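J.: Below you will find the structure I want to go over with you.
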Amino acid sequence: MLPQALDAYVETAREVGNASSLHGPGRLARKHIEESRERIAAALGARPSEVIFTSGGTESDNLAVKGIYWARRRPRVLASSIEHHAVLDAVRWLEDHEEATVDWLPVDSDGRLELASVNLDGGDVALITVMWANNEVGTIQPIAELAALAAAAGVPLHTDAIQAVGHVPVDFAASGVSAMSVTGHKLGGPYGVGALLLGRDVASTPLLHGGGQERDVRSGTLDVPGVVAFAVAVEHVVKEQQEEAARLTLLRDELIARVLEAVPEAALNGPATPRLPGNAHFSFPGCEGDALLLLLDAQQIAVSTGSACNAGVAQPSHVLLAMGADPVAARSSLRFTLGHTSTPEDIDALVAALPAAVDRARRAGTF
Amino acid sequence: MRVLAAMSGGVDSAVAAARAVDAGLDVTGVHLALSRNAQSHRTGARGCCTIEDSRDARRAADVLGIPFYVWDMADRFHEDVIDNFVAEYAAGRTPNPCLRCNEKIKFSAVLDRAVALGFDAVVTGHHARLLDGLLTRSVDAAKDQSYVLAVLTREQLDRSIFPLGDSTKELVRAEAHERGLAGVADKPDSHDICFIADGDTQKFLRQRLGDAKGDIVDDSTGEVLGQHDGAFGYTIGQRKGLALTRPAPDGRPRYVLSITPVNNTVRVGSAEALDVSTVEGDRVVWTGGERPQGPIECVVQVRAHGKELPAVVTLRGDRLVAQLRGPERGIASGQAIVVYRGDTVLGSATITAAA
Ligand SMILES: Cc1ncc(COP(=O)(O)O)c(C=O)c1O
């Protein structure tokens, strides 16, 4: 957590209070919540009433996808094929259990949405959901163009902006989207707190019924210290966005150049630009991403492969498959993420460790 | 030394990993995902590799503070163990899948990968000892697993660590409690065959091999006594479930004597006809010192948890012949014959014939 977010968290946690009660401490808690709402709204270009606090990205995505689908009572959903599982599986669930028909929108080999595939005709579309920036390969999606298409067709556009906020400029109102997911732990805030920015005129059926908090869209007593720390973090990363993005882009480009130099067979996945500043993603032919992860982990270098299934077994990334990679190539990939604590020394350490790790991983072969 | 601890999610492998950590080794935990479609949780003592087992293994690794990964060995396991299991039955033999898994997966595919990744050895929770490099029975005779490890070669044993061999199972469980491995301390022992979750081997084989009606034949007269639905349903020495309507002339029970897949025939006969005194095997592995040039006095074990049989064993190339000191019944091809001197494993072979 960012130090200022942590401080705000601890300070608030010392104050007792329940944001839903009417007595003094309750009023204080509510004041914290509403101030946080205003700060987040201001930082992200929304109105305060459009900020709905949730338990994080997964809930925000589910609330947007299922809530808008149910509220609109139309059968079709358009979703990109590279969404995070929080969107992907929510859409699949609607397909399997709620008779939704889904247009899975294709992407090109850089992971960028094929705008030509978006067909919003017919008046039967409940919503379209396309992430702002992809969490695996860092591709930034053409949200403005999509929003224009959606507005023309009168279809709400939801975007998972969890990877975008703090890394690229994000303005809810200016972007034209109807709903936008944000989460605390991806931007230096606490775990388990997030928000769905939901346009005032966009209806969403609640997933959680109860005390009627959060515009009656999301009931439940809020985590006051978490919300306050989340707001502090959002405000901070948005304020620092430009400078931090410039710093990370330099660092990231250095990382890409030096990795390609150290391991010439490696291939960069995703576009050189526009791309999330802290994201670098490679395939290492002949290696299992998992084996590389183990070897680098042993040297205190934390990297990620795709996602793991329930049992912890690595799956080839659906994002890379959608970009046209074959399963073997998909399994050979690794993501390096740079953040606010990353330094040039981290890149030195990575480049020092990587060639030997790739060698070993190649000898270990594939499963 | 960097070691890889295979962690099934059970109590034995968790304590084995813990002891390796205590011994000052640099331990990394790995759970082998062996099932292509893992069930969410175990039912009773059977089965393995459920998602719950994977979580239990991860939790144990977290308690020990060691890195932990899941390796997807499902395809290898299917080909090398399950398909082989079915093929062996189809060929009229009685395989031991645990032994096969040790030979092909744990101490082969996993060990090779571990070595390639820079590990020096694999640690498992098997109940067996390595004394001066020699595979030796566990001090807990009831839990001893040296039989299913006896197929391992010198090279494989040299890269194996069995930290539990000098403890009883009871002690291992108590130690798990003391170490805060509460989640696994009281998990039931796994029994039977891990990939047959309901324990019904016959049903499992029938689903894969289908019904194949054939004759049940009297071994001495050649007379057809009845029909069976598939020869794989029978094991040498089996008495129950023959469903023969005609009693033997002498009124005594009849036993399965042999299974001949070529003509899908099950031959039955008296208990005495089951007696064998010569056992032959191939695929000899000898890890207990020099290969003997002549016959040696020893004891042999011909099934998991079977008793020790005094014998004289002779090696001829890749073949082994054991002359048993007394008659033994129900020795099935496909099982291992393991040669011991005292508690020490000298070698093993796969049984090809018994007479
Ligand atoms: C793009 C994206 N969407 C959704 C999520 C899920 O958010 P949370 O972990 O807050 O539930 C994440 C990552 O955590 C993400 O990267």
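Positions of Cβ are set from backbone N, Cα and C atoms, glycine also.
Automatic, uncurated: that is what TrEMBL annotation is.
From TrEMBL, for reference:
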type	residues	note
BINDING	B:ALA6, B:MET7, B:SER8, B:GLY9, B:GLY10, B:VAL11, B:ASP12, B:SER13, B:LEU32, B:GLY125	ATP binding site
ACT_SITE	B:CYS101	active site, nucleophile
SITE	B:HIS126	site 'Interaction with tRNA'
ACT_SITE	B:CYS194	active site, cysteine persulfide intermediate
DOMAIN	B:202-269	domain 'tRNA-specific 2-thiouridylase MnmA-like central'
DOMAIN	B:281-351	domain 'tRNA-specific 2-thiouridylase MnmA-like C-terminal'
SITE	B:GLN335	site 'Interaction with tRNA'
J.: Please report the Cα separation of B:HIS126 (site 'Interaction with tRNA') and B:GLN335 (site 'Interaction with tRNA') in Å, rounded to an integer.
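T.: One finds 19 Å between the Cα atoms of these residues.
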J.: Can you check which residues sit near B:ALA6 (ATP binding site), meaning Cβ under 8 Å from its Cβ, same chain, 6 or more apart in sequence, and list them in order?
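T.: Within the chain, B:ALA6 (ATP binding site) has Cβ neighbours under 8 Å at B:SER13, B:VAL30, B:HIS31, B:LEU32, B:LYS106, B:VAL110, B:VAL122, B:VAL123, B:THR124, B:GLY125.
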J.: I'd like the number of other C-beta atoms within 10 A of the C-beta of B:GLN335 (site 'Interaction with tRNA'), please.
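T.: Around the Cβ of B:GLN335 (site 'Interaction with tRNA'), 25 other Cβ atoms lie within 10 Å.
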J.: Please name which of the recorded positions listed here, B:SER8, B:GLY10, B:ASP12, B:CYS194, B:GLN335, is nearest in space to B:CYS101 (active site, nucleophile), Cα against Cα.
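T.: Given the candidates B:SER8, B:GLY10, B:ASP12, B:CYS194, B:GLN335, the nearest one is B:CYS194.
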J.: Pop the mean pLDDT for the domain 'tRNA-specific 2-thiouridylase MnmA-like central' (B:202-269) in here, whole number is fine.
T.: 87
J.: If you draw a 10 Å sphere on the Cβ of B:CYS101 (active site, nucleophile), how many other Cβ atoms land inside?
T.: 26
J.: Using a 10 Å cut-off on Cβ-Cβ distances across all protein chains shown, tell me which of the recorded positions (B:LEU32, B:CYS194) has the largest neighbour count.
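T.: That would be B:LEU32, with the most Cβ atoms nearby.
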J.: Let's see if you can do this one: DSSP helix, strand and coil counts over the domain 'tRNA-specific 2-thiouridylase MnmA-like C-terminal' (B:281-351), in that order.
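T.: Grouping H, G, I as helix and E, B as strand yields 0 helix, 44 strand, 27 coil.
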J.: Please report how many Å separate the Cα atom of B:GLN335 (site 'Interaction with tRNA') from that of B:CYS194 (active site, cysteine persulfide intermediate), as a whole number.
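T.: If we compare the Cα positions of B:GLN335 (site 'Interaction with tRNA') and B:CYS194 (active site, cysteine persulfide intermediate), the gap is 18 Å.
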